[in-house]
Amino acid sequence: DVMETQEHYKSRWRSIWIMHLTMFLSSVGFSIVVMSVWPYLQKIDPTADASFLGWIIASYSIGQMVASPLFGLWSNYRPRREPLVVSTVISVAANCLYAYVHVPHSHNKYYMLIARALVGFGAGNVAVVRSYIAGATSLTERTSAMANTSACQAVGFILGPVFQTCFTLIGEEGVTWKLIRLQLNMYTAPVLFGALLGVINIILIFAIFREHRVDDMGRQCTSINFEEEGIFGGLDQDAEGSIDQVAVVSVNFLFFVILFVFAVFETIATPLTMDMYSWTRKEAVLYNGIILGVVGIESVFVFMVVKTLSKKTGERALLHGGLMIVLVGFFILLPWGKKLPNIQWQEIKNNSIPRITFSELLPLWNLEAMQLSSNHTAEPTGCPVSQSWCLNTPKIYLAQYISSDVLIGLGYPVCNVMSYTLYSKILGPKPQGVYMGWLTASGSGARILGPVFVSQIYTHLGPRWAFSLICGIVVLSLLVLEIVYKRLIAFSVRYGRMQE
């Protein structure tokens, strides 16, 4: 072990910032087409329905869940540049495939499904990114570096839809390059832009990225994938000792819960506001887009604040506080009042009302519900009577919804950063690729199961059951955190090499 030179320090942080850029581009690759997938799918393959759209959205997370442990394992034994470049090449190729899904004469929807799954597979490199940052930072630098990584990821999710909006100026027809059968329009331009960003990322990885590693105290050392003077060095003696597997499993569970409840929050926003506030589809997309955009900006600020706050309180206390804030956010969403939501009375005229007596319907009459539109072709708004809970579940007021958004937007980023930071510190100086891969995979699994869970519970049982169960899950995670609280310490602290 040697003290770090100034040249090594600068090169190390240049490489870390390249990893931040990789994380940003990975999240842009997901979010840049989210708003346009459905209309593009309808255009290229009229046989596709809404359920197939669900598979296309989920395919990204499925691809990432499969790839993360594989790229993580690869990065444990080989220079990290290899899995980083290969994963980015896969993402670039997948984006190009997405731009050409209109070409085949049939089964176009399956080509789109494959393209999005491959983009997700390429995004499995976030495990490599996180494991590199964990190995290239000291304990005192780790929280700040992880917060910056999550901030870059959040900014990518925010800017993706912004890029998509800018490309709508090209129009649905756009221009066609007949020689290579390329259509450049509002659906394909975003993914081609994403492919261009991927190529730039590959160039920067070759030009700037270098393998670096420091121990928990910031001393320069070598590892099995740190190439210097043509040889691979061995692990330093500080790597001796076993990893606390109970702490590892616990953080994986906590991270799953955190991603699960946030996926529920994102998924439920549109149907909840349409049911509760009689918003049209267009209004729900617009207003929730604005709200989620503001929440995203709030998250970036939180990422910046936790870097300083963690030095005073510690990561475990912040994780506990973040989970408490999320719990309060969902608790606020429980229906508390007496006023019922407006009902889609148009469905009654279409004879689709369930068997309900007049005495049950009588309390539901209110002025807004009675104001049926004279234009029968207008989009029906309100809570559909096909959801029987609409007839007896109180309305969630807009102030409740906004307050919940603010609190969840505050608690989620805190939990996200603290989970990654604690996890990397628990793992210590040993190669973290596979472990980071499993953590990323647990998050991807949560993003798959969250929307499925909430759509079933909310549709059949209503918001009271849905949000009560979420509150129960968060309480369970808090209990788990309390049980393992003393075990969530850094590897070096556990073996007495550093003081907490």
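Backbone N, Cα and C define each Cβ position, glycine as well.
Sequence annotations record features per position, and here TrEMBL assigns domain 'Major facilitator superfamily (MFS) profile' to 15-489. Predicted-model confidence for the domain 'Major facilitator superfamily (MFS) profile' (15-489) is 81, expressed as mean pLDDT.
According to TrEMBL, the transmembrane segment annotation covers 21-40 (among others).
If you look up TrEMBL, you'll see 52-72 (among others) marked as transmembrane segment.
As annotated by TrEMBL, transmembrane segment applies to 84-101 (among others). Distant neighbours of the transmembrane segment (84-101): 22, 25-26, 29, 33, 44, 67, 71, 108, 111-112, 114-119, 121-125, 128-129, 181-183, 188, 191-192, 194-195, 198-199, 201-202, 205-206, 209; these residues of the same chain sit at least 6 beyond its ends, with a Cβ under 8 Å from one of its Cβ atoms.
Residues or ranges marked as transmembrane segment by TrEMBL: 113-133 (among others).
Among the features that TrEMBL reports, transmembrane segment is placed at 154-171 (among others).
Feature annotation from TrEMBL assigns transmembrane segment to 191-209 (among others).
Residues annotated as transmembrane segment in TrEMBL: 246-265 (among others).
Positions annotated as transmembrane segment by TrEMBL: 285-306 (among others). Counting residues 6+ beyond its ends, the transmembrane segment (285-306) has Cβ neighbours under 8 Å at 143, 147-148, 150-151, 154-155, 157-158, 161, 266, 269-270, 273, 279, 318, 402, 405-406, 408-410, 412-414, 417-418 in the same chain.
What TrEMBL records for 318-337 (among others) is transmembrane segment. Long-range Cβ contacts of the transmembrane segment (318-337) within its own chain (Cβ-Cβ under 8 Å, at least 6 residues beyond either end) map to 254, 258, 261, 306, 309-310, 393-397, 400-401, 403-408, 410-415, 418-419, 422, 463-464, 467-468, 470-471, 474-475, 477-478, 481, 485.
Residues or ranges marked as transmembrane segment by TrEMBL: 401-423 (among others). Panel annotation: around the transmembrane segment (401-423), residues 130, 142-143, 146-147, 149-150, 154, 248, 251-252, 254-255, 258, 261-262, 265, 272-273, 276, 291, 294-296, 298-299, 302-303, 306, 310, 315-316, 318-319, 321-326, 328-330, 332-333, 435-436, 439, 488 of the same chain, lying at least six beyond its termini, place a Cβ under 8 Å from a Cβ of the stretch.
The transmembrane segment annotation in TrEMBL covers 435-459 (among others).
Per TrEMBL, transmembrane segment is recorded for 465-485 (among others).
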### Query
Given pairs 6 or more apart, does the transmembrane segment (113-133) have at least three Cβ pairs under 8 Å with the transmembrane segment (435-459)?
yes
### Query
Same chain, outside the transmembrane segment (154-171) by at least 6, Cβ under 8 Å from its Cβ: which residues?
23-36, 184-186, 189-190, 193, 289, 293, 296-297, 299-300, 303, 413
### Query
Would the transmembrane segment (465-485) and the transmembrane segment (21-40) count as touching if the test is at least 3 Cβ pairs under 8 Å, pairs 6 or more apart?
no
